[in-house]
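The domain 'UBC core' annotation in TrEMBL covers A:29-174. Look at TrEMBL and you will find A:Cys112 tagged as active site, glycyl thioester intermediate.
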Amino acid sequence: MIKLFKVKEKQKEANENGNGKGPCNKQTAGELRLHKDITELNLPRTCTISFPGGKDKLMNFEITIKPYDGYYAGGKFLFSFEVPSIYPHEPPKVKCKTKVYHPNIDLEGSVCLNVLREDWKPVLNINTIVYGLYHLFTEPNPEDPLNTDAAAVLRDRPELFKSNVRKAMYGGCVDNISFARCV
Amino acid sequence: MADSTSQSRSRDLDKLLLRPGNLVGPTFEAGTELRDDLKEYVRVLVIGAGGLGCELLKDLAFSGFRNLEVIDMDRIEVTNLNRQFLFRLEDVGKPKAEVAAKKVMERVNGVDIKPHFCRIEDKPISFYSDFQIIVLGLDSVEARSYINSVACGFLEYDSDDNPREETIKPMVDGGTEGFKGHARIIMPGVTPCFECTIWLFPPQVKFPLCTLAETPRTAAHCIEYAHLIKWDEVHSGKTFDPDDPEHMQWVYSEAVKRAELFGIPGVTYSLTQGVVKNIIPAIASTNAIISAACALETLKLVSGCSKTLSNYLTYNGVEGLHTKVTEFVRDKECLVCGPGVLIELEASVTLKKFIGLLEDHPKLLLTRVSVTYRGKNLYMQAPPVLEEMTRSNLDLPLFELMSKSPRDIVHVTGAAGKGDTKQSCSRKLRVVFKGIDGVTDMDMAGGA
């Protein structure tokens, strides 16, 4: 055990001797873990990452996904990632910034992906999430819908779903909802 | 009269502080000097003036501490009054820290409590260095993690990787949830820090979005639907503010509609608040028990009058009363409280050469190294976009990149080991520049 009473005098002495300096640890454990995640990212060929805040602001970044096959081939979809300071205890908040006609992504950009919510574990990482997102485009899942209409069309009329997706990606209207061009 | 009161107040404490004993801590020195130091000299910071904080301030004031400060960013709400006993109906809307400090000072003669109505992040780091001990009465992992990183940030190690006593900033942490609670002691460098054992905290329950959107089964599902999905649909771009009663009312009424649609009972305004703000049920007695344990440990830790908790107490009041003490161990490679690997360098060494040195360092054997210093990414191996942005630093001296700090902490990530057994990892390094006199760098003390 330490002698707390003596601590302050020693600290003062240290400061007066010029050895004292600010504490070293301004990076949170979450930032350090994310730093590791980012350096070991192994993105699919068709995904790119960017850091709108510059090289020192890693906690907010964007991932662009360009699926090369499936319903969404040729499209370009932007996702924003907001990483909390207690990452990986809590998962990042991910939003789809591109309006998309998709059974698992709603028109506000909320994404239904298990690893983003109920199945998140601290051993998972950013790579896991990106692969999960990519998977949503190659295999949209009508069983866990966020956009119920799109899910019903995919389940019951896959051909119509295909053409609806095309229409939306080329900036058309589906069910009176207009989409921005993203091809 | 006043004299006899003050005498009787310290009578029981005197028995602990003025007499030697067999169960005392190793540094205990009985005597009036100790008692007077406790009163005059020791400064305790209490973080949080809520359920635990009210109890802590009262307990610490009654335990002989005279110089207390308390920090809390919240204002008093009606729902606090059932257990946060320092507050009255007329205090609703006032800052918790200010009212709590005032009430305890009115009640306990001679105690001085300075309130701080702000966020913990608003205070400069130097604010925290002024206290001998920090007592935490918090309800969030984030806030604990922040204070932990601040307290561990003061910690320094000697060349044998032993913590320097004078840089240890002890914390006593309490937490409750319904009938259960914990009290623990964190002595950075000696006992596990918050990050060493962060896995002790269960992750927050999160419902799948598609369940909320498609197949709600509980009142909480309906509330989270209104909060997470419907809000965005209706208020495009406007962020939901849980502290705005109008926002909360909106979520509540949407949740009621949703619940009616699916025939689900049980949505109330207070449940809405509970789910959205992730409020955990609080029980006055649990808070009292945990706070008492924390206050007692604070007294023992500061005075040495008894051995202290080693190092984690759990309390469960669900069926009677059950407590257990567990001695958790430190994560020797903890990035927050661990010593890190000592690296001595010439001031002329470039970042590129530094990275090369880590590859051959027997304790590291790190390849593909990325370097970060106090939130600045000095070099990133990947992804390419960051590599490009940081490449120009490679030819600069590390000393310059570290703002000419004679010694400081640097964090690196890379691949450790050889051949097929390479594993990616993060490491903390204590970089010391040879031949740099600390005195000439006085001006760097605050600015770096």
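Even glycines carry a Cβ here, placed using N, Cα and C.
Keep in mind the model is a prediction, meaning the values are calculated, not measured.
Around the residue listed as 'active site, glycyl thioester intermediate', taking its Cβ as the centre, 24 other Cβ atoms fall within 10 Å, counting all chains.
Here the domain 'UBC core' (A:29-174) is broken down by DSSP into helix, strand and coil counts: 48 helix, 25 strand, 73 coil. Across all of the domain 'UBC core' (A:29-174), the predicted model scores a mean pLDDT of 94.
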